[in-house]
There are 4 protein chains.
Amino acid sequence: MKPNIKNIAVLTSGGDAPGMNACIRAVVRTGIYNGINMFGVLQGYQGLITNNIIPMDARSVSNIIHLGGTVLKTARCLEFKTDEGMDLAYENLKLHQIDALVVIGGDGTFTGARRFAQRHQINVIAIPGTIDNDLYGSDFTLGYDTAINTVIEAIDKIRDTADSHDRLFFVEVMGRDSGCIALRSAIACGAEAVLLPERATSLDELIKQLEAGAATKKSSSIVIVSEGHKQGGAYDIAKHVKEKFNHYDTKVTILGHLQRGGSPSSFDRILGSRLGYAAVNELLKGNTQQMVGLRGNDIKLTSLDEALTEHSFKLESDLLEMTKVLSI
Amino acid sequence: MKPNIKNIAVLTSGGDAPGMNACIRAVVRTGIYNGINMFGVLQGYQGLITNNIIPMDARSVSNIIHLGGTVLKTARCLEFKTDEGMDLAYENLKLHQIDALVVIGGDGTFTGARRFAQRHQINVIAIPGTIDNDLYGSDFTLGYDTAINTVIEAIDKIRDTADSHDRLFFVEVMGRDSGCIALRSAIACGAEAVLLPERATSLDELIKQLEAGAATKKSSSIVIVSEGHKQGGAYDIAKHVKEKFNHYDTKVTILGHLQRGGSPSSFDRILGSRLGYAAVNELLKGNTQQMVGLRGNDIKLTSLDEALTEHSFKLESDLLEMTKVLSI
Amino acid sequence: MKPNIKNIAVLTSGGDAPGMNACIRAVVRTGIYNGINMFGVLQGYQGLITNNIIPMDARSVSNIIHLGGTVLKTARCLEFKTDEGMDLAYENLKLHQIDALVVIGGDGTFTGARRFAQRHQINVIAIPGTIDNDLYGSDFTLGYDTAINTVIEAIDKIRDTADSHDRLFFVEVMGRDSGCIALRSAIACGAEAVLLPERATSLDELIKQLEAGAATKKSSSIVIVSEGHKQGGAYDIAKHVKEKFNHYDTKVTILGHLQRGGSPSSFDRILGSRLGYAAVNELLKGNTQQMVGLRGNDIKLTSLDEALTEHSFKLESDLLEMTKVLSI
Amino acid sequence: MKPNIKNIAVLTSGGDAPGMNACIRAVVRTGIYNGINMFGVLQGYQGLITNNIIPMDARSVSNIIHLGGTVLKTARCLEFKTDEGMDLAYENLKLHQIDALVVIGGDGTFTGARRFAQRHQINVIAIPGTIDNDLYGSDFTLGYDTAINTVIEAIDKIRDTADSHDRLFFVEVMGRDSGCIALRSAIACGAEAVLLPERATSLDELIKQLEAGAATKKSSSIVIVSEGHKQGGAYDIAKHVKEKFNHYDTKVTILGHLQRGGSPSSFDRILGSRLGYAAVNELLKGNTQQMVGLRGNDIKLTSLDEALTEHSFKLESDLLEMTKVLSI
């Protein structure tokens, strides 16, 4: 049975990610193409509560596909975790006669969306938008590809100067609970070693790897450190290594928030477009409390229940194995 | 049965593509890791015939993962199409006791590889390396992702200046027989229209689309033209459109060979690494006359016979459909 | 004597150039810092005539310093060349009590500004904003440095694939009357030859140069062609060369309007900031009918009269001489 | 009197800087063009002592103009500071009959060059190559422009995510004794505040500035911290600010060595070409113990004595003043 959906709103929530604007554009235009009135909610769930909701036409999303960040802004919102907050949000949606919601964000965003849809009469589709790639149900989350490209461009520059035998570069990348960015970046820039939150690589092990590299006359050594590593950040680890190897000149780069920004890669623009297009089409088919994600080359649905309870180890273990072989 | 492979050579052939160096590095290091002696052939099949073959160690592929082009060079080689050419090539391989060959390239490269392996006692694995994405058996060929990123970076710059209502920008991209680059670029840069070699879009249809855009007050119009389009290149099409719409100021960009170059994207570096790693592993398992390709997120084998005879329409038709919706 | 200036407007006119937004930001904020009410005119002189004039505060120019194009838009305006057009424009300025005008643009923009200031009681400072660097009174015009960087990034990519001896790449760059972009790009990318509108390089001479390069075993040849060259554009010249050297494989790239866009380089952002800052300060000192320009490292005034009548050959002849030596 | 120079060697020393390869290319080719035999010394002064000296022809510097780092490598060399080290170096130069030396580097490189030329019969011209711009005698040192561009590209990405009112981004840039990179980067990215080693900005002052920004509803605040700042690096300063403003969410990026790398900007490629070209021409005119530098738009000589004793405050104070106005 086709639902009678006439008005749809879209919002971005949580940390921003490159590709969110391409996704917003696709949501808005797919809706309009199908005769739906489209709305944008500013500053995530906060904007639902404060009624910061604006109508959007096809031109309102012109010339944004290539921009980093999100034109709808994002904010953390504790109030939406309360029943009172959700009720306020729902009242505002009613004011605009909004029947359905597309939310773009990460784990926290999905949790909020599920609780909201369970409490109130509103259809919700969620889109995985986070650079960390730490969501179940999509092989790649929106922003992940761009973030890796940002990291490797930075490391390519470091490699230019990494030409003496006794230099060690430590580069800290994002991913508090997920080593996805670290692992793919390590492969793509040919790093000598990578420290992941999911793996308890001891410093002794790291030092052994670096010694092996020195023995085969590597002209430089770059170590990627995921910010969530148990032995500390890049500074701490560099300090420990330096203590054991004081002839090494250790240098540290902390990439920080620059990994969240930048013009999205073609991959993320296309992924964002496909996910936004699919989200609206799924709402129009009557689906709700689902996420749309990329599986292989196809866009597939996963229920929010499944997405939020599955915590399978997402790190690609075959790639991890390959790293060892290719960094000889 | 495991083959007794001791020496493997790698070559690149045909048009070069970003990611080839990452792939060469992976082939060489995976071989060395497995105790194989590795060789590089310079200038493709030409180098086999002229015995331009050099030993490669792990350090010989250091600091190349981020470079465009191919350190092994490439060349067209008519002589390899003859039996005499192939026999000369085989003799040179024998000189170095080379048992197996990894070739990286496109359609022509694969054809040569298959004929060579059928004529002589040599195991061959082929790796799809071409920006055009026009090979069966791999969802993405090596260099395709980088080429699309190169195109959209160029078009983003054009969009900066595309702010008056009466301007039309025509951008010609590569892909003589394949509109893959054109289609994905069009989505990723939000183009108003795209002309593909696979689709006989008439100029009338194009003009209708442009008029529709003007009616909805689009602030700019960018048309992507695949170089193989039947009605001519971007210049010809711009001229025809101009004749009908002489109030339009038409501007043309021909991207040309810059689409083949540039530092590979993370996607292509990882893809090149995985394909190179897989190619050697497959040879060591005894496989031959196969290509390794990306299907979904996995690396899979396809026989060269199948790869060279299948000519299914590769253009993603769901994406083509989506383009119309998103360019309103 | 200090003038009694209370309201200043800023506009961009002619072709847009990277750095214009940095310049607008500097004009607006320097005015506000000095207690002036600031206005922006949309779409250049056209906006003066149609009264498309908006007030601007410090926040209205936030987050634009890094954007290509111009947030104030630009347009060609024939009407402003007439007395009636100028009178209408002046009336609109009076409506807003605007006492002074900062115009950013090229030759045509300056001509309009001078005539307007001569006819009406309005103080005007002009800022040289054009990628072509074809204005007297500023060693570098706004956008020139970014345009050169854009060109060399494109050519670097071409060079990746330029590895066979019998290939010739022709790249057409902007500069109808001025070879400045062509010359500096040629040096910066190590081109083998450059064809400038100011120099009547015959094709025979070009071919001699290319032959000399071939004799010294150059692995590639890139020829930069300025769009204003008397023997035609890159396509025509490539065709002629091909006729004489049919063993050469000639490839053509037409960069076109992408040279006008892109995020401005640090040089152009700083230059734009300095020129905008100086323009307002000069108005406040009582100066008018002047341009602000970069001479050496200093910002200096030149009268519009002088700027518009001087047509000295701006091409740096020492650099042209150097090109020959460095391309051996 | 023209000296009888037949053999010239070139080396790079100290920290590497983008543009060094463009400069090496110009030195080598200008020498060859003038009939000189050219040599390259590997790993700076170390290579003089170990006789790591190779002949260079015009092709040996092909396709390097766009590369970061230095193909001649660089190294620190304590031994060259001793008389014995210098004597060994001189003997090696004699072996190759090298009459003159071009050295590219910073302060330490210049000091070594002067002492060497004073002790031994060798003509020396020095070229200012350092990203820090901390040398007297050249308005811009080689690599400075590229480093600023690298910094602002990073900060542009941070700005994408800097959209909430209570976020403060601290970015640490290079320049232990010189705030040049910090100052120009701050202008070019529109930073809210900049902390320089040359200025004792107290934290109270910084906090006042940030409060003023908050009062005018700035949507984000970025503070550039030069690594040499007396109150510590970005982490320390962020920590102190956080203590006073615990409702601020502070984020830190340490750019580190990536600022030394990357493909040189057009400015640095042209500057490197001009300086290399001039260095050889000056040697051929008989000049020695001089540096070549950029003053305004011209290449001028400064004696090494003057360059090494002048320690005028190089920070552009007019730009510092402007920063305050433009960051309102």
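We number each residue from 1, going along the chain as drawn.
Using the three backbone atoms N, Cα and C, a Cβ is placed for every residue, glycine included.
For the ATP site, TrEMBL lists A:ARG76, A:CYS77, A:GLY106, A:ASP107, A:GLY108, A:THR109; matching the candidates A:GLY15, A:GLY19, A:GLY31, A:GLY175 against that entry yields A:GLY15.
Between the candidates A:LYS218, A:LYS251, TrEMBL assigns the substrate site shared with A:THR130, A:ILE131, A:ASP132, A:ARG167, A:MET174, A:GLY175, A:ARG176, A:GLU227, A:HIS257, A:LEU258, A:GLN259, A:ARG260 to A:LYS251. Within 8 A of the CB centroid of the ATP site residues A:GLY15, A:ARG76, A:CYS77, A:GLY106, A:ASP107, A:GLY108, A:THR109, the other residues of that chain are A:SER13, A:GLY14, A:GLY44, A:GLY105, A:GLY112. Chain D comes close to A:LYS251, A:LEU258, A:ARG260, taken from the binding-site residues A:ASP107, A:ARG176, A:LYS251, A:LEU258, A:ARG260 by a C-beta to C-beta distance under 8 angstroms. Among the binding-site residues A:ASP107, A:ASP132, A:GLU192, the residue whose Cβ has the fewest other Cβ atoms within 10 Å is A:ASP107. According to DSSP, A:LYS251 (substrate binding site) is assigned to a strand segment. Chain B comes close to A:ARG25, A:GLY190, taken from the binding-site residues A:GLY15, A:ARG25, A:ASP132, A:GLY190 by a C-beta to C-beta distance under 8 angstroms.
The CA atom of A:ARG176 (substrate binding site) is located 13 Å away from the CA atom of A:GLY15 (ATP binding site). The CA atom of A:LYS251 (substrate binding site) is located 15 Å away from the CA atom of A:GLU192 (ADP binding site). Highest local Cβ density among the binding-site residues A:GLY15, A:GLY106, A:GLY108, A:GLY190 belongs to A:GLY190, counted as other Cβ atoms within 10 Å over all protein chains shown. Mean pLDDT across the domain 'Phosphofructokinase' (A:7-281) comes to 93 in this model. Under the DSSP three-state reduction, A:GLY190 (ADP binding site) is assigned to coil, being neither helix nor strand. In this structure, the binding-site residues A:CYS77, A:MET174, A:LEU258 were compared by how many other Cβ atoms lie within 10 Å of their Cβ, and the smallest count belongs to A:CYS77. For A:ARG76 (ATP binding site), the same-chain residues lying six or more positions away in sequence with a CB closer than 8 A to its CB are A:GLY14, A:GLY44, A:GLN46.
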